[in-house]
Amino acid sequence: YCCQGGKPSEVVLLRSFTYITPLLLLVLLQVVASDGVRAMMESALTARDRVGVQDFVLLENHTSEAAFIENLRKRFKENLIYTYIGSVLVSVNPYKDLEIYTKNHMERYRGVNFYEVSPHLYAVSDNSYRSMRTERKDQCILISGESGAGKTEASKKILQYYAVTCPASEHVQTIKDRLLQSNPVLEAFGNAKTLRNDNSSRFGKYMDIQFDFKGAPVGGHIINYLLEKSRVVHQNHGERNFHIFYQLIEGGEEDLLRRLGLERNPQQYQYLVKGNCPKVSSINDRSDWKVVRKALTVIGFSEDEVEVRTNIAAACMTPTFHFFVRDETRIHVDVLVVLFQLLGVNGTVLTEALTHKKIIAKGEELMSPLNLEQASSARDALSKAVYGRTFTWLVNKINASLAYTDDSYKNWSVIGLLDIYGFEVFQNNSFEQFCINYCNEKLQQLFIELTLKSEQEEYEAEGITWEPVQYFNNKIICDLVEEKFKGIISILDEECLRPGDASDITFLEKLEDTVGGHPHFVTHKLADGKTRKVMGRDEFRLLHYAGEVNYNVNGFLDKNNDLLFRNLKEVMCMSENKILNQCFDREELTDKKRPDTAATQFKASLAKLMEILMSKEPSYIRCIKPNDSKQAGRFDEVLIRHQVKYLGLMENLRVRRAGFAYRRRYEVFLQRYKSLCPDTWPNWRGKLADGVATLVKHLGYKPEEYKLGRSKIFIRFPKTLFATEDALETRKHSLGESPQHVLLSLPTIGIQAWWRGILARRRAQRRRQAADTIRRFIKGFIYRHQERCPENEYFLDYVRYSFLMKLRRNLPKNVLDKSWPTPPAALTEASEHLRKMCMQNMVWTYCKRISPEWKHQMEQKMIASEIFKDKKDNYPQSVPKLFVSTRLNGEEINPKVLQALGTEKMKYAVPVTKYDRKGYKARPRQLLLTANCAIIVEEAKLKQRIDYKALKGVSVSSLSDGLFVLHVPSDDNKQKGDVVLQSDHVIETLTKVAICADKINNININQGSITFTVGQGKEGIIDFTPGSELLVAKAKNGHLSVTAPRLNSR
């Protein structure tokens, strides 16, 4: 059979050529099959101008960062998200689904040489698997990159690849399922929504996958690093707590929530709303809860264990656990009963432990009462300890389910997956970023050492002289952080342990005294004048391998200590909750040794991780985030340049290119390029090394351009390889006419002649059809302005059809999209009708979906936009946040106030801070809005009532502060003067005031200062200045001084 394009209509049975032998047919099929595989090998070389090179090592200008990024851009635009740097895979997150992870793709990469197919995650996975099987050496795959770059997805794809392609049995299938199902469980308890990523891993993870002698996965083990426990009690604006809390509230059954004492409203829980982002459009918490519940069952959790773990999660967010310290003299024990039941502790004992601290003095135990701030800190410390320890228990439980239990076979092979935080540089960098970047310094040190080591070993194995490579050795930075007695961690521990008034500032001063002369360490005190302008007095700067990072020392000592009061430990050790009882060991109470600090623990675990990685053969995946807005197809060059720098990719490329850019085994190189030399074409019968030497001599390679090893050829310059590739492309066109590559037998010549005749006739027919089409188009174009006639009807029909097809593909996506393709002259009127119909349909569809509540929300947002857009700094931050009907519930407003209001319906209430007219002392108040007036309340008293008719206007600054002034008539005896208030929700509050008072045009946004009436003809002034943080205080000149950060949003 001969076929063209694989279409059945083009298959012809060659009855006449009965003398084609089965052997000849087999040879022809083998040639076709092998060429098909080789056609994929380095195919991007011939299209490099359009899609770039698939290996950065082949960049001609390999030292240029611009050339590096341009190659990334070319490939990204063609949906080629993977590129190599030698054996390192660079992955760019596409932010969309690509059809490159199917089973067919897995089979395509299975068992194929690393460079024979285009770059892919599966190529790295398969290469590690085959190396483990053939060399019997443990492997590891290191995945790194910043949050949102796709590290977690990459690790999941690798697990899926092994689950599909590895041998399976009933036991093996169980392990595969558990390996895959461990991901949603760990993501639920260890991932959270951050500003950069809706599913950000807030812990580092190293997973070992164990394989038996058959290559089947039979077990696994997970090690977790540096869980971000502080997220349990605090989240930055726009971020969420861990996923599990929201999944439980949204997806939990009614009976479960009732038993746990929970409400299906995240706004009720202090720990869940600090970031003001309980809902995320890209996350379905309800369905994720079902996935997690199913995964826990697959992994092997019993119903009792799931119930107990759920109790702990509920306890960590129970509202009474958050608010009971507001009034230590009146603790609502009846409300706390659910919390005590969830934790399995005695309520009285826990209440005592959270409001008192046990002190041992001269052998006697004393109970010292805590103030509000100390009690709040104790509560938060307990929340973090409970969540952190139960997360470790969860990982250990998963490890127990993945453990290989067959004692008869211990010599399994291992592939490790390291999914760990990338280098982090934020506006404000704290203890967490310090630890994360220290981890990346160690990984970079390991990466360079192992890369150079593998290069040197390959050169020595091939008998090529090794040329030493100059590179930046970041050991000096690692020593600065971890050196015993002199390193930053040792100094931090010393400051945490010493008696006296140790603080974050004394720690900074100790750093200046100890490591102040280090070339990679700078503080405000030690810096030059230019550097001081961009550094705070409470910051120190480290010059990392990837760049400079300023660290704010505030909180370093507290986070490093990570201590829990002894009496709280005693209470938790007595817990009847089975999991908490395991997490809080009673031996801690008898152990007199002070526990290691957080930094020391992390340093020790990192040292163990380095030992693990050094014992394995590494592969690397570097993940890059193309933009911060998570948009498909958008390539942010500034952001990518930042990541290329912090991932050390240019340094990696420079090390890889220090020797030879390209190397291939003799058989691969000869098979691909043998047609370029008469002596090696069609077949070379001698030694492979001699054949390659003959080929490169014919191609005119200069001695400095290449070296021949024992089994490989090494080419130094990419231009040499490109010239060879271009020559091969030219040669392919002439091969069809060359008599040397065909079998000179009559059957072969007959088949060729017959087939060429068919192809020639088809080409002639296509050309005639093309000529007729072009002729009709030209004639139609000439007569296009005339009435419809035979000469132009084909052209006009095609123009109309093209416009309608283009319109179909480019219809507006929503009512705000005003784009519309330009119609041809003949369709102008029809186009306008279609445009109106399309808009009417979209408007009708949109309006039909709008609920009354959402309509009311949008009306308020429109008024807020009219008042504040492009005028006040913090307006853009308020846009995505929904306005609420009230900020105070009925329990927070004194019943006497509600009684005093009588029949007046309260439309809005919000807690505010009032500044006295004399002295500007801050006092907590409540602002209530009714249909007729605004009322300022102090506990049970109505302090001031301002009728809307008497309200002259409202003044607010253009900065990001929350201060505003309610102006009232100075001659009104009922009023004492203008009112100065501050609200945490100033945009929402003033919008409500403007609507209730019908004073939309009376909101004045001032720059610089606001003048207000104090009373009795006197005036006061509020001065507004931009600064680094919000500060309200009385100035020396008697004015109220407000310093507010500029958000650069207008």
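Even glycines carry a Cβ here, placed using N, Cα and C.
Given the ranges 468-490, 606-628, 790-812, the record in TrEMBL names 606-628 as region 'Actin-binding'.
Summary of the ATP site environment: with the site residues Gly145, Glu146, Ser147, Gly148, Ala149, Gly150, Lys151, Thr152 set aside, the chain residues having Cβ atoms within 8 Å of the Cβ mean position are Asn93, Asn197, Ser200, Gly422, Cys623, Lys625.
Same-chain residues lying 6+ beyond the ends of the region 'Actin-binding' (606-628) with a Cβ under 8 Å from its Cβ atoms: 72, 76, 85, 87-95, 121, 124, 127-128, 131, 135, 137-151, 154, 196, 206, 223, 225, 414, 416, 418, 422, 438-439, 442, 446-447, 450, 634-636, 639-640, 643-644, 647, 649. Counting residues per DSSP class in helix, strand and coil order gives 9 helix, 8 strand, 6 coil for the region 'Actin-binding' (606-628). Within 10 Å of the Cβ of Gly150 (ATP binding site) there are 24 other Cβ atoms, across all protein chains. Neighbours of Lys151 (ATP binding site), defined as other CB atoms within 10 A of its CB across all chains, total 27.
If you average pLDDT over the domain 'TH1' (872-1046) in this model, you get 89.
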